[in-house]
Structures are given as structure tokens and as C-alpha cells.
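Features as listed in TrEMBL:
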BINDING   H66, D104, H313, E317  divalent metal cation binding site
Amino acid sequence: MNLRELVSALNDFASLSLAESWDNVGLLVEPSPPHAVNTLFLTNDLTEEVMEEAVQKKADLILSYHPPIFTPLKRVTWKTWKERLVVRALEHRIGIYSPHTAYDAIPHGVNNWLTKGLGACTSVPLRPSAAPSCPAEGTHRVEFCTGNTEHLQTVLSKIKDVQEVSCLITLPARVEGEEQTRVSLNCSQKALLEVVALLSQNSLLYHKPEILLLQKPLLPHTGMGRLCTLSEPVSLSHVIARIKSHLKLPHIRLAVGVGKTLESPVKKAALCAGSGSSILKGVEADLYLTGEMSHHDVLDAVANGISVILCEHSNTERGFLSELRDMLASHLLHKVNIIVSEKDRDPLQVA
């Protein structure tokens, strides 16, 4: 596949509109076209050791879950390791693509994979994602009624001249026993100011105007984090064993909630891959599962009787790559060879 065709397919697999606003996702490094992709190389973190592996395995595109370019680069030299990644990528004609939080949000993404460590359960997003656009044009709807038909057409003609006004309709209406005309229109945030100004200049014309914010609909099963309800309550010690097995970890970090023990039952668990404090904070659950949390957020959870399991940041994400390889192979119709890095690992170890 050529690079642009592959990037389009990756965007179809997980829309980048689902990524957090602060994130840096998509195609980050692009070799000069045309660029064919025969081998897609998956990694959680793109380090220099992983880059060397990608070069040796003749990768044409690296999909790095974490974006190796996050803060802006002012120059591309051999001085810093992230600049060297870009230099190496371009020298060897390797593209770099990062989906990051888009993969956190999708129903078949990282957080869904992490729920499997709890055993049989049902889950819902902790912070649901909204659709990228409203079902109707515009961001606001303006509605008002008037009995002054003589001046209505003049005002409507002026409104029609305002850019980004759509779905303008008029309907007969009865208001307080009087025959009137009801006007409804959609408009953008910018156009709303002009529409309101026009109505203010003709304040005797309309009756009880309403301004409605057009909400973007929530996407089913899509969003950040997951609140999981286990099919059968199990002890905290049993959950720990399941998570270690799923993540293939010999150790985890544990904080037991006040009033709880290792034998306390876990029925509800809130989880978020990576660094989950902002998503988990304030959620009612028996257990929080994430990679890392701040000291004070752990103290807050424990004080509220919530146990906390921390597995280190990338350990809650990396295992997803094997599942991702199989899903992408099917999505890309097996047109590309997909391999998972063997050098990618969490930087923290138990010494």
C-alpha cells in the first residue's frame, strides 16, 4: 500500500477526532512521496533502541502508540534523542504515525483490552466521546414568534444574508390565542452574534426568543476510561492475580482502601490505561486500575475506601499491541506485513 492510502485506512480504523484536544496524533513524519509501505512496525514507545530495531527489520511505517513528537521541535539536529529519531526516520525513509488517545477511546481499543484483566464484566466509558459534529448544521438554533408579518420579511431577508445561517423555516403558530409566525434557524457561533443583533434592533417584532445549543450526540461504547461491573464479585487478591496474569507482570503496586482487606469483594472497578488520575478522580468504585497516579490522588482514593492498583504507565498499554496487530491485519486486508517490536519495554523495573 502507498503511505497515504494506509494512513487513510488507519484513520478509518480509529478516527483522530476522538483524540484528546491536547494530544498530537496522526502522521508525524512523512518521507517524500511516493512512499510504499510493505512493513508496518508497532510499538508503544519509540525509543532509539526501538528505532534501530525498526531499521533492521526494514519497516516502512512505524505506528507508535505514544507520539514521539509531542512538544514542538525548534530544530532537527543530532543533539537530542527525539531529534535523532526524526533524522533516522527520514534517512531510512520510515514514516511515523501515532494514534495515542484515539486508541484509548474506541470501543475496540486500549481500555477495552485492559478490562479483560478483570475477568467477565460489562463496561461503559467513564467520559463518553461526542460525535465530531452535530446532527444538523450549525452549533445553535434560534427560534422566535411574531405577529408582525409586515416587517418579518425585511428582517428575514437580512438574516438570510448572514453567512453560516441554515435551515431557516417559518411555520404558522398560535401564541396566547393569536395567530403568529414561528421562525426557526440554525447558525454558527459567529453568525449567532449577528442574528441576535438583528433581532435586538427589531425587539418589538418577536415574542419570547429562544437560543438552543445543538449538542453533539454521544457515541456508544466510545470514550475515555471504563467503569466495569464484574459478573461475579471476587476478592481483591483474586483481581490482583487476574491483572498480573493479563499484563504478564510479576509485581504491581497496591494501596488498599480504608476499611478494606485483600479479601474484600470487588464488584465495580474503574480503569484507565496510562496515567488515569484525571479520568478516575471522584468515580465511585471498589477499585481503581491504572498505570500511574499522583501520591495525593492515591491518598484521596484510599481515604474513600477505594483500593488502587498501579502497574506503571506503559504496562497498561503495551499488551494491546498484539491484539492490535491482528485487528489491523484484517482491517488492511492483509496487504501489509505487520510486526510488533521486541525491544519496546517499560523504562521502570523492580530492582
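Cβ atoms here come from the backbone N, Cα and C positions, even for glycine.
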Starting from each candidate's C-beta and looking 10 angstroms out, tell me which of the binding-site residues D104, E317 has the most other C-beta atoms.
D104
With a 10 Å radius around each C-beta, find which of these binding-site residues (H66, H313) has the fewest other C-beta atoms nearby.
H66
